[in-house]
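Novice: Got a structure here, written out as structure tokens. Questions coming.
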Amino acid sequence: MVYKSQRIANWYFTIALLLFVLQVIMGLWLISNYVFTIPQSIVDVFPFATARAMHTNLLVLWMLLGFMGGTYYIVPEETGSEIWSPGLAWFQLVALVATGVVALVGFAFGWIQGRPLLEIPRPLDIVVVIGALVFLFNVGMTMFLARRWTAIQGTLLGGLVFLALLYLFGIPFYSNEVIDWYYWWWVIHLWVEGAWELVTGAIMAFVLMRLTGVDRQVVEKWLYIEVGLFLFTGIAGTGHHYYWIGAPTYWLWVGGIFSALEPLPILLMVIDTMNHVRHRKTQIVNPHTWTIAVGCAVLHLIGAGIWGFAHTLPQINYYTHGSQVTVSHGHLAFFGAYALLNLMVFYYAMPRLKGIEIYKPTRAKLGFWTMCSAMMLMGLTFGIAGVLQSYLERVLGMGYMTAQSYMWLWMAVTLVLGVFFLAGVVITVFDLLFPKAAEL
Ligand code: HEM
Ligand code: HEM
Ligand SMILES: [Fe+2]
């Protein structure tokens, strides 16, 4: 670590990790609701929808804190300067975490807006917007004053500005449900298949360059191609959410064709990740961080690319829409693309921020492989439940609850796998919070 202000990143990472554990505990509660009959007295005070809102909002919050911390770690090294205002970085962290705590407590008491993943009520939205503006201003000023522009910085800032702008479309409420969902997808889809992909591209490029010593020009050339393709396919690909909400029928074509192309940039990311290691110039000092990078590229391709492609054509989505097939894809994609991206950055930065250049990878490996295997299997079990559900409900016309009884076994297996997943997460989080130096 060269820059003092990078230290703030450690706080972002630490809080993100604790929220990750909490998110997964909520996931276990959710799956228990599918497996056991929860007494009505509990359901009355803590309904499934409340727990689900906590699970998904915690997910968004920890990942955004991870991206912000990652940015505060990377920007000083890219610009060759300290962060413009560490004070603002602190202010923003406290504001966002306070919003998160108020939101979670508020959800428990029914203070909720109701649109999935963006459930936090309007007044809290305003705090989030202020936090985001402070963040962008701080990062922008650091880059502007340093005047050492790189493609990585540009893409990172571009992705973060795009991310913040999109959030604004989720704030107004339209009494016409079609229009309301239309803009809701601008946030959800254009985040994960647009803005977040740009942030991912930039962060991946930075870490790959640092790990392998491959020339900046090579890494940045790939970055340009990927970013261009992500935007080209991802923006029109939004149409894969407009098939059945009452939008014009041309979306069946636009959404189908463009979203079917979305796996391309993700595939490129896997190829260039592998290419970099083949042409590496230095020995990789922490090979486990490299393993996470490869794991991220591959699971990103499986979860988002392949699992996304599987139900993106309207002919298939007609049957699978909103079933456990969607849940299977949601888990594999978020975990593969964004949980592992964050964990890669944490493993790159956190030991170093604690003065450890080479960390002992034993616990890290155990945590990583447990999480990845459990999540891959959960993707399969959710997927099997989803295919059953699509067939029973949409082909045979069975009622929702009757179909559930046939899916029970697969939800029960998911619960068992979820316990293993939690174990992997706890090992990983513990290792990151208390890393050990390698014995040389
Ligand atoms: C890392 C990137 C991605 C993430 C994190 C992600 C995550 C999600 C999530 C959470 C949902 C459920 C939304 C909801 O209904 O509440 C969803 C839906 C969907 N995703 Fe993705 N996704 C990604 C990339 C992709 C890609 C590349 C494709 C296509 C190739 C795709 C195709 C779809 C489709 C078609 C749906 C709608 C499913 C339905 O009709 O129920 N996704 N995605
Ligand atoms: C022990 C681990 C976990 C379990 C058992 C679990 C379980 C669940 C359950 C039961 C749901 C509700 C599905 C429904 O509405 O029918 C859900 C939703 C969701 N979970 Fe998890 N979860 C876990 C971990 C995770 C992780 C690690 C991530 C992301 C990295 C994640 C992302 C999501 C998302 C995006 C949704 C919303 C899906 C959608 O809109 O279709 N979960 N989870
Ligand atoms: Fe999408």
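From the backbone N, Cα and C atoms, a Cβ is placed for every residue, glycine too.
According to TrEMBL, the protein carries these features:
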- 1-440: domain 'Cytochrome oxidase subunit I profile' (DOMAIN)
- 12-36: transmembrane segment (TRANSMEM)
- 56-75: transmembrane segment (TRANSMEM)
- 87-112: transmembrane segment (TRANSMEM)
- 124-144: transmembrane segment (TRANSMEM)
- 156-175: transmembrane segment (TRANSMEM)
- 181-211: transmembrane segment (TRANSMEM)
- 223-244: transmembrane segment (TRANSMEM)
- 250-271: transmembrane segment (TRANSMEM)
- 292-310: transmembrane segment (TRANSMEM)
- 330-350: transmembrane segment (TRANSMEM)
- 366-388: transmembrane segment (TRANSMEM)
- 408-434: transmembrane segment (TRANSMEM)
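Can you tell me where each of these features sits in the structure?
Specialist: Sequence-remote contacts of a segment are chain residues at least 6 beyond its ends whose Cβ falls under 8 Å from one of its Cβ atoms, and for the transmembrane segment (12-36) they are 48, 51-52, 54-55, 58-59, 61-63, 65-66, 68-69, 72, 93, 97, 100, 339, 342, 345-346, 349-350, 404, 407-408, 411-412, 414-415, 418-419, 421-422, 425-426, 429, 432-433.
Within its own chain, the transmembrane segment (124-144) is flanked in space by residues 68, 71-72, 75-76, 79, 81-85, 88-89, 91-92, 95-96, 98-99, 102-103, 106, 153, 157, 160-161, 164, 167-168, 170-171, which lie at least six positions past its ends and keep a Cβ under 8 Å from the stretch.
Beyond its flanks by at least six residues, the transmembrane segment (181-211) meets 67, 70, 74, 77-78, 115-118, 151-153, 155-156, 158-160, 162-163, 166-167, 169-170, 172, 174, 219-220, 222-223, 226-227, 230-231, 234-235, 237-238, 240-242, 245, 247, 262, 265, 269, 273, 276, 280, 284, 286, 289-290, 293, 296-297, 300, 304, 333-334, 337-338, 341, 344-345, 348 of its own chain at Cβ-Cβ distances under 8 Å.
With a cut-off of 8 Å between Cβ atoms, the residues of this chain six or more beyond the transmembrane segment (223-244) that come close are 151-152, 155, 181-182, 185-186, 188-190, 193-194, 197-198, 201-202, 205, 251-259, 261-262, 264-265, 268-269, 272, 312, 314, 317-318, 321.
Outside the transmembrane segment (330-350), and at least 6 residues removed from its termini, the chain residues within Cβ reach (under 8 Å) are 6, 9-10, 13, 16-17, 20, 59, 62-63, 66-67, 69-70, 73, 192, 196-197, 200, 203-204, 207, 210-211, 286, 288-289, 292-293, 295-296, 298-304, 307-308, 359, 364, 368, 371, 375-376, 378-379, 382, 428, 432, 435.
Same-chain residues lying 6+ beyond the ends of the transmembrane segment (366-388) with a Cβ under 8 Å from its Cβ atoms: 288, 291-292, 295, 299, 302-303, 307, 320, 323-329, 331-332, 335-336, 343, 403, 406-407, 410-411, 413-414, 417-418, 420-421, 423-428, 431.
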Novice: Is it true that the transmembrane segment (292-310) and the transmembrane segment (408-434) have 3 or more CB pairs under 8 Å, sequence gap of 6 or more?
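Specialist: When sequence-distant Cβ pairs are counted, the transmembrane segment (408-434) does not touch the transmembrane segment (292-310), since fewer than 3 lie under 8 Å.
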